[in-house]
Amino acid sequence: MFTHDPLSLADECWKCGLSKSQCLRLFRCKNCKVAKYCGKACQVSDWKEKHNLVCEQLRARRSAKKRLKKSQKDAEKENENENEKSTTQEEQEVYRPPFSVEDVMKQVFQGEPWSDNFISGKPFTVVFSSEPGVPHTIVQDEGGDTTDLHKEVERQQGADEEVAKEVAKEVASAKGHDVKVDKPATAQEVHEEEKDADKENENENEKSTEPTLGVRKEMKLCGHFCCPSSLKDCCSCSDLRPVEDGYDNYVDGEGLCKTAARDAYYCGVCNTKKDSKKSKGQRKKKDKKSKKINTVETLRKQKAEKNKAAKKKVERGIAVRTR
């Protein structure tokens, strides 16, 4: 008698022991999804003997394994997130060793150091960053008061500019010249200047995108007295229109290069046409065809008019007789 070990992972029938290569297909139990059978007969007989007692246990074991795997994956994800957070915090925390104001000013401005009059002679500590991208932000004294270093820099720079302007005025007045010193521009003036610059750039772009009024060599004039006498005039207006004969590139009134007739053009004023020597034979054939069509149409009209007149005469004669 074949006895199957439920802990084994071999692909074989739990009742008769046939492997997957010996039978066509192995079917799993729908409840526990662990037991495998080669057919319905083996499944029914094994269920009556022992599988009905083991099925629920196997199902519980399988679900417990799944839960363990999920919990392990969740724990791994949490650890990864914590490691990422710790690394980002370490990157954000920048080492800031203490420096004196004179050292900071030398490194920032690369010139003479500032006087410490804005700290009013109290002991101080400058928080300075060793990295070039991080700003030098705080000047702190014993009392806990903080001052933004950037504001002090801007104030000192503005004072230096004003002093330079005053010196320039004094020098110019000593020499007898009037010097106009420009005031610092306000936010509105800066905004207006930016608008004007944007408008100028737009105008330049429009000019660059405008089509160039060039003339192709293939363009010809019809020679009529009311039409333009030069090709330059044809570019400024759209008097010449292309015909369907012989397609080639030409420049229309808007200065755009298009594909149209090469040798023949209609005049927009008098509807006259200028044809090349090659297309004269074609023009004669077209004229003959148009004449034939016109003659046929006129004959048909004449016949129709005669028939109408005859009918009217007949109707009049019948009316006279009835009277």
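Each residue, glycine too, has its Cβ placed from N, Cα and C.
Annotation source TrEMBL lists domain 'MYND-type' at 13-55.
Per TrEMBL, region 'Disordered' is recorded for 66-94 (among others).
According to TrEMBL, the feature compositional bias 'Basic and acidic residues' maps to 71-88 (among others).
If you look up TrEMBL, you'll see 153-212 (among others) marked as region 'Disordered'.
The compositional bias 'Basic and acidic residues' annotation in TrEMBL covers 153-169 (among others).
Residues or ranges marked as compositional bias 'Basic and acidic residues' in TrEMBL: 175-212 (among others).
Summarising the annotation, TrEMBL assigns region 'Disordered' to 273-323 (among others).
According to TrEMBL, the compositional bias 'Basic residues' annotation covers 275-292.
Positions annotated as compositional bias 'Basic and acidic residues' by TrEMBL: 298-308 (among others). The helix, strand and coil residue counts that DSSP assigns across the compositional bias 'Basic and acidic residues' (298-308) are 11 helix, 0 strand, 0 coil.
The helix, strand and coil residue counts that DSSP assigns across the compositional bias 'Basic and acidic residues' (71-88) are 18 helix, 0 strand, 0 coil. The helix, strand and coil residue counts that DSSP assigns across the domain 'MYND-type' (13-55) are 16 helix, 5 strand, 22 coil.
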